[in-house]
Amino acid sequence: MTTSAVWHPFTQHGLGEPIPLVTRAEGAALHTADGRRIVDAISSWWVTTHGHSHPRIVAAIREQAEKLDQIIFAGWTHEPAEAVAQGLRDIMPRELTRVFFSDSGSTSVEVALKMALGYWREHDPARHRILVLEHGYHGDTIGAMSVGARGVFNSAYEPLLFDVGTIPFPVPGGEQASLDALEQACAAGAAAFIVEPLVLGAGGMHFYAPSTLREMRAICTRHGVLFVADEVMTGWGRTGTLLACEQAGVVPDILCLSKGLTGGAIPLAVTMATEPIFQAHYGPDRAKMFFHSSSYTANPIACAAARANLAIWAEEPVAERIASLGKRQQARLDALSGIRNVRGCRRSGTITALEIAGEDGYLSALGPRLLAHFRDRDLLLRPLGNTVYVMPPYCIEDADLDRIYAAIAEACEAL
Ligand code: PLP
């Protein structure tokens with residue numbers, strides 16, 4: 001039994017696995033108290049985009065903390081929030097005119113669901129059914145779990161979860177069946193359809209084509225169903241473009257962003273919405289306002305980090321770094337594809353994934369063995385069962401990528 005009082009997320013303490021103590025991070029590297037340099041191959045849960053402790057983000061946080069640390073955001077405002085909202089309006093699809101701040105990917109999804117129902121309260125209160133894509137993951141709060149896949153993550157909490165309509169995942173060859181199911185569910189009447197565009201993340205790093213996403217959007221438009229894009233993971237360049245939706249030429253009615261919004265340095269999220277959704281909450285009637293907040297909504301220090309992230313995107317060659325990382329990842333993935341026990345090599349932008357032959361699923365016995373294998377080689381990789389994926393910060397160097405892929409190859413041969 002550990003002597004620490006800390007209860008870690010998604011961690012079975014009963015397995016007695018070592019929990020490294022990290023003291024410092026820089027670029028794509030983490031440094032531990034016992035002197036090890038660990039390569040962060042998953043961007044510390046998909047958040048770190050430009051590298052850890054990016055000097056511009058660190059400076060922005062420091063300056064802001066000295067000026068204005070926190071201010072209630074109900075009826076008050078501050079410069080960093082105004083700058084981030086305007087900056088997002090400038091680079092996100094122009095239809096998304098309104099920016100609502102929160103503090104995690106899960107809360108950005110909760111906000112999206114509440115906005116959608118708020119919209120329908122005004123226009124057709126009978127519409128409240130939410131449609132979701134099979135195997136989706138949108139976070140661990142109650143609403144976010146309700147619209148995510150049901151299974152080991154949330155079976156204990158089933159009584160808390162609301163009923164949704166599940167659309168089959170568009171597996172290769174099964175796209176039309178998935179689209180037909182969506183068409184039927186939309187025709188039966190629904191409030192909104194929430195999707196992870198192009199990449200299902202925690203559901204197993206499954207990818208689908210931009211043309212399918214485009215069709216999904218068209219079906220929702222035909223039936224007046226709100227289209228909610230959860231780009232918490234895919235946003236900020238992960239799939240090769242700023243938003244995954246861009247590749248399909250799709251503009252959502254509601255967009256959820258978090259993780260890379262601050263370059264991954266500090267918690268912050270936004271839910272962006274179109275004008276009609278804002279207008280459904282607008283007017284002299286106080287009962288119509290949007291009833292959502294948390295104490296730290298739009299925390300100025302977090303907003304300052306997000307403003308620095310926007311400046312990095314505007315002033316540094318981020319798109320080139322992303323394109324280069326995609327190519328460098330592909331070359332290493334290609335080299336793996338002939339190796340024993342490797343299945344399903346795939347890439348979307350900067351993300352690669354594959355399965356190691358064996359038992360499938362999140363609780364696959366291979367999972368803990370893989371975790372230990374990578375930890376012993378000073379790599380932060382966190383397979384989803386037997387699915388290994390690599391999603392590093394954009395600044396990762398070739399030598400570190402080589403180490404990651406050598407360890408994956410070794411795992412395929414040895415485990
Ligand atoms: N939505 C997606 C697509 C995610 O991948 C995640 C987290 O991985 C979330 C929502 C939840 O974000 P958070 O962990 O910040 O609450």
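Placed from the backbone N, Cα and C atoms, the Cβ positions cover glycine too.
Quantities reported herein were computed from a predicted structural model and do not represent experimental measurements.
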TrEMBL pyridoxal 5'-phosphate site partner of G105, S106, S294, S295, selected from D40, D230, D360: D230
W45, Y137, K259, S293 bind substrate per TrEMBL; candidate in R377, R382 listed for that same site: R382
DSSP-derived structure type at S106 (pyridoxal 5'-phosphate binding site), helix or strand or else coil: helix
Residues among the binding-site residues S293, S294, S295, R382 that border ligand 1 - Cβ under 6 angstroms, in sequence order: none
For D230 (pyridoxal 5'-phosphate binding site), the number of other Cβ atoms found within 10 Å of its own Cβ: 32
Listed in sequence order, residues with CB under 8 A of S294 (pyridoxal 5'-phosphate binding site) and six or more positions away: S102, D103, T107
Most Cβ neighbours inside 10 Å, all chains, among the binding-site residues K259, R382: K259
Whole-number Å value of the largest CA-CA distance among W45, Y137, K259, S293, R382, listed as substrate-binding: 32
DSSP three-state assignment (helix, strand or coil) for K259 (substrate binding site): helix
